[in-house]
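Novice: Sharing a structure, written as structure tokens. Questions coming.
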Amino acid sequence: MAPAAASPPEVIRAAQKDEYYRGGLRSAAGGALHSLAGARKWLEWRKEVELLSDVAYFGLTTLAGYQTLGEEYVSIIQVDPSRIHVPSSLRRGVLVTLHAVLPYLLDKALLPLEQELQADPDSGRPLQGSLGPGGRGCSGARRWMRHHTATLTEQQRRALLRAVFVLRQGLACLQRLHVAWFYIHGVFYHLAKRLTGITYLRVRSLPGEDLRARVSYRLLGVISLLHLVLSMGLQLYGFRQRQRARKEWRLHRGLSHRRASLEERAVSRNPLCTLCLEERRHPTATPCGHLFCWECITAWCSSKAECPLCREKFPPQKLIYLRHYR
């Protein structure tokens, strides 16, 4: 009797188990970097550490021809489109590249480009809210991007910014659409597996699939599609609102030039952030009273919900942004 195709619950449990172990590996690697190099280096290189952790996890399992821990947990194996042979080394390599490496490359390319397009072309400083922890260093690629975006006209910048926004949001919506489609049809859970044609077969025999669970998954897929449509509408509305606010800000920019120069001189006397060791930008207070940059402390709290100085525990929503604080 030929092995049966893996059911959607088995595929989802395998993916969740893999995500659990990948998260543990990321946390351990990030903690080691933080202990050895400090908080500033951890903030600067945490994305690269996460990438290396994912590549190591899939390199020791999928690339090596073994089951991942999640696949082993539910007893399923990967097969190529023939459903007879396991995927070749090339196909597995493409799978890991699409699943782990490509999202990192897209994020590293599109996010800095969006920040440069949002930046004031006259002063070269990004607008409020567009800074990130990794955006303070000026790498060669970032300088090249800044040089070429500076030569664009205002109309070209708006058009390119709109295209970047559509691409970033489109990729996120495509991922959500793909998951909803999986709930309905139950074949490919990850987009990378659809592109490479890799599916799952069940190794051990299990009782028949519950039809009620299958109907529930299809209903969940329909609800996910409706939620996706609503989210896309809200994101488009928010983008237009931000574009309108940015246009108004630039129209009134010249009237407040003198005030801005005075504020810049005042900012230059700001104390340092203890996380990045640079001038504190957008001061934010923790419940215990310590002050940090908004970008630094939010990035810190995304992995450790505690104060970096006194280690007092608190949820991220307790952070207090100090507007107009000097």
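Glycine is no exception: its Cβ is also placed from the backbone N, Cα and C atoms.
Note that the structure is a prediction, hence the values are computed from the model and not measured.
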Novice: Under Swiss-Prot's topological domain names, is ALA4 on the same membrane side as LEU191?
Specialist: yes
Novice: Select one residue from CYS288, CYS307, CYS310: among these binding-site residues, choose the one with the most other Cβ atoms within 10 Å of its Cβ.
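Specialist: Of the binding-site residues CYS288, CYS307, CYS310, the most buried by Cβ count within 10 Å is CYS307.
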Novice: Any same-chain residues 6+ apart from CYS273 (Zn(2+) 1 binding site) with CB under 8 Å of its CB? Would you list them in sequence order, or say none?
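Specialist: Those within reach of CYS273 (Zn(2+) 1 binding site), by Cβ under 8 Å and sequence separation of 6 or more, are GLU279, ARG280, ARG281, LEU291, PHE292, CYS293, CYS296.
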Novice: How long is the line from the C-alpha of CYS276 (Zn(2+) 1 binding site) to the C-alpha of HIS290 (Zn(2+) 2 binding site), rounded to the nearest angstrom?
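Specialist: That separation, Cα to Cα, works out to 14 Å.
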Novice: According to DSSP, which kind of secondary structure is CYS310 (Zn(2+) 2 binding site) found in, if we only use helix, strand and coil?
Specialist: coil
Novice: If you count, for each of the binding-site residues CYS276, CYS293, CYS296, the other Cβ atoms lying within 10 Å of its Cβ, which residue has the minimum?
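Specialist: Checked CYS276, CYS293, CYS296; of these binding-site residues, fewest Cβ neighbours within 10 Å: CYS276.
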Novice: Residues other than CYS288, HIS290, CYS307, CYS310 within 8 Å, Cβ to Cβ centroid, of the Zn(2+) 2 site?
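Specialist: Result: THR286, PRO287, GLY289, PRO308, LEU309, ARG311, GLU312.
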Novice: Sequence gap of 6 or more, C-beta under 8 Å: which same-chain residues meet both conditions with respect to HIS290 (Zn(2+) 2 binding site)?
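Specialist: Residues satisfying the criterion: THR274, CYS307, PRO308, LEU309, CYS310.
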